[in-house]
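Feature list (source: Swiss-Prot):
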type    : residues                   : note
BINDING : Cys71, His74, Cys93, His99 : Zn(2+) binding site
COILED  : 107-154                    : coiled coil
ZN_FING : 14-57                      : zinc finger
ZN_FING : 66-107                     : zinc finger
Amino acid sequence: MIPLQKDNQEEGVCPICQESLKEAVSTNCGHLFCRVCLTQHVEKASASGVFCCPLCRKPCSEEVLGTGYICPNHQKRVCRFCEESRLLLCVECLVSPEHMSHHELTIENALSHYKERLNRRSRKLRKDIAELQRLKAQQEKKLQALQQWLGQLEHMPAEAARILDISRAVTQLSSLVIDLERTAKELDTNTLKNAGDLLNRSAPQKLEVIYPQLEKGVSELLLQPPQKL
């Protein structure tokens, strides 16, 4: 194992991963680490029952990771994420009747799993936005053509309304993409529940209300279920 560099603290570098600090967390002794790096260290140290600073080896409290890492019911470190209840669980929670039949993931697997789902959903919505932009351009061309034919002025309000519907859909989907990408980038145990809620809110069947007035072919394309998003 590569020895931890004590002088890296002044450079804003995590002594564990040797990279720039991400979501810096300070131990009781004042040393800074990436939150993910320190969390993994705590999980490995939990087997011995003693958590020490990885740099100076002084005893530390697991509470340095924040309240999101401590079970509010049993005051013990959380170790699993329940997908059904979307709650962080400690060892005592795992044996409680309400969670016995639930599916739980380790914290590390949950973070990886939800980050991948958020990124996939974001990529899917970006494709939807591109398709909507293409449709918007088509509708604008139709409107321009109609404007050249005064005899067809009665059709202009409907075309203009369709463009407005598409513009609104693009705006709302763009906002969802921003939320998905930000949540994936900042995902930690404090935001796992929000990640599940966001995936539910951006599910294809939920998005139907965003563009109910679009042409049938495009609506079917956008609302088709992605592969396990």
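Note that Cβ sites are derived from N, Cα and C of the backbone, with glycine treated the same way.
Counted with DSSP, the zinc finger (66-107) comes out as 11 helix, 11 strand, 20 coil. Listed in chain order, the extra residues whose Cβ falls within 8 Å of the Cβ center of the Zn(2+) site residues Cys71, His74, Cys93, His99 are Asn73, Lys76, Val78, Leu89, Cys90, Val91, Glu92, Leu94, Ser96. Long-range C-beta contacts of His99 (Zn(2+) binding site), restricted to its own chain and to partners at least six residues apart, with a cutoff below 8 Å, comprise Cys82, Ser85, Leu89, Cys93. There are 18 other CB atoms within 10 A of the CB of Cys71 (Zn(2+) binding site), with all protein chains counted.
In sequence order, Cys90, Glu92, Cys93 constitute the residues six or more apart from His74 (Zn(2+) binding site) in its chain with CB-CB distances below 8 Å.
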